[in-house]
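Trainee: Right, I'll just put the structure down here and ask away after.
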Amino acid sequence: MPAIVIIGAQWGDEGKGKATDLLGSRIDYVVKFNGGNNAGHTVVVGDEKYALHLLPSGILTGGVTPVIANGVVVDLDVLFQELDGLIARGVDVSRLKISSNAHVITHYHRTIDKVTERFLGKRQIGTTGRGIGPTYADKINRVGIRIQDLFDENILRQKVEGALDQKNHLLVKVYNRRAIGLDEIVDDLLSYAERLRPMVVDSSLLLHQALEDGKYVLFEGGQATMLDVDHGTYPFVTSSSSTSGGAATGSGIGPNRIDRVIGIVKAYTTRVGSGPFPTELFDEWGEFLRERGFEFGTTTGRPRRTGWYDAPIARYTARVNGVTDFVLTKLDTLTGIERIPVCVAYDVDGVRHDEVPASQSDFHHAKPIYEEFPGWTEDISGARRFEDLPKNAQDYTHALERMSGARISAIGVGPARDEIVVRHDLVGEAPSPADASR
């Protein structure tokens, strides 16, 4: 059976949790393969709203096995806060599995993250300060702490001691902060071990066996393509691989097992933190999108930057990920706008660019070239078929589909889990290349 990857196709906060939830009743496993608790998603179930930061959204669907795979960095305090919060609300969390190879965020990672960002001043990246980047840096530098290390105190103590030799030198000599004690870190990590033990598995083997047994496996990407460490707007990116390729390396399955890649795009664009954003709005329309779309970070609560839909970005992310289907979210946010601008290309120093410039400098100087489309005033939250949408909303969707590099297979028309229009089956046979790129 297929492995399906869901990817954010802009700068994050596109509504991936809702798309995952849409597929949940037909999915057996939901896998988080990158990132940590630096990106949140909100899932609405009936009258209940759940804000998740680390746990896969599949944990809210009965019968689904949620998996935190090896590509994730895990803050154990956040993990158990989220689990305990769900347990208190009657959610069964006993199915959760965590890779023994996932890396652990410690107190010193969070400290380094925060003081480094302050030290950078105007050059700061805009991190969430949750220790994600420093944990991935330790992973690459081969001094990281993995989940499996918590079950051997001698190994854990040796690894933490080696890491603190460097971290404390940096904190004391460069940042003028106090040193962090070895026992403080080791005791904290060991306190989680026994509760964690029943959840820990070889996630690569688990997922391989699931696919061999004909199970449906959904890979849920954190952050988004334009924040990918290789393919995003570097250096204003996250520290992990947030494209479809990261699903294979971040979980231990072969790339040939991936059958479909579903890209999630808002009907407009948002971004959090620093970095280029060609369609960003600084006027009343930017505030309109922010207030109407509730564009405030699930993790940080900070206001998101807002702008119009960017078709070159969608084409770029379709190409980088091999997107077979797009899910267009928050179309309802645009209701009431008389003329809706869409960025169709960029002007860079008087030269038209139909695609995202490869040069970082060019992209920083890119000015959007807009085409406008007529809007609609009707409430679309009750639409369940494409034909139920106002003609102008249908035309807007068709226009985005033509410009974006893959078919739009579902459309979000409201915040609730059932407020969605499904045009094409997202679990059945994948579209042909001609259909996917039309």
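Just so it is clear, glycine is given a Cβ too, placed from its N, Cα and C backbone atoms.
When I checked Swiss-Prot for this same protein, it listed these features:
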- 12-18, 40-42, Arg304, 330-332, 412-414: GTP binding site (BINDING)
- Asp13, Gly40: Mg(2+) binding site (BINDING)
- Asp13, Glu14, Gly15, Lys16, Asn38, Ala39, Gly40, His41, Thr128, Arg142, Gln223, Thr238, Arg302: IMP binding site (BINDING)
- Asp13: active site, proton acceptor (ACT_SITE)
- His41: active site, proton donor (ACT_SITE)
- Thr298, Thr299, Thr300, Gly301, Arg302, Pro303, Arg304: substrate binding site (BINDING)
Trainee: Which of the binding-site residues Asp13, Asn38, Arg302 has its Cα nearest to the Cα of Val413 (GTP binding site)?
Mentor: Asp13
Trainee: Can you give me the Cα-Cα distance between Arg304 (substrate binding site) and Asp13 (Mg(2+) binding site) in Å, rounded to a whole number?
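Mentor: If we compare the Cα positions of Arg304 (substrate binding site) and Asp13 (Mg(2+) binding site), the gap is 9 Å.
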Trainee: Using DSSP reduced to three states, classify Thr42 (GTP binding site) as helix, strand or coil.
Mentor: strand
Trainee: In the three-state scheme derived from DSSP, which category covers Pro303 (substrate binding site)?
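Mentor: DSSP assigns Pro303 (substrate binding site) to strand.
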Trainee: Around Gly12 (GTP binding site), which of the listed binding-site residues (Asn38, Thr128, Gln223, Pro303) come within 10 Å, judging by Cα atoms?
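Mentor: Hits: Gln223.
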Trainee: Fill in the CA-CA distance, Gly40 (Mg(2+) binding site) to Gln223 (IMP binding site), as an integer in Å.
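Mentor: A Cα-Cα distance of 9 Å.
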Trainee: For IMP, with binders Asp13, Glu14, Gly15, Lys16, Asn38, Ala39, Gly40, His41, Thr128, Arg142, Gln223, Thr238, Arg302, what's the maximum Cα separation in whole Å?
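Mentor: Across Asp13, Glu14, Gly15, Lys16, Asn38, Ala39, Gly40, His41, Thr128, Arg142, Gln223, Thr238, Arg302, the two farthest Cα atoms sit 34 Å apart.
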Trainee: When you tally the Cβ atoms that lie within 10 Å of each candidate's Cβ, which of the binding-site residues (Asn38, Thr128) has the highest tally?
Mentor: Asn38
Trainee: From the Cα of His41 (active site, proton donor) across to the Cα of Lys18 (GTP binding site), what is the distance in angstrom?
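Mentor: On Cα coordinates alone, these residues lie 8 Å apart.
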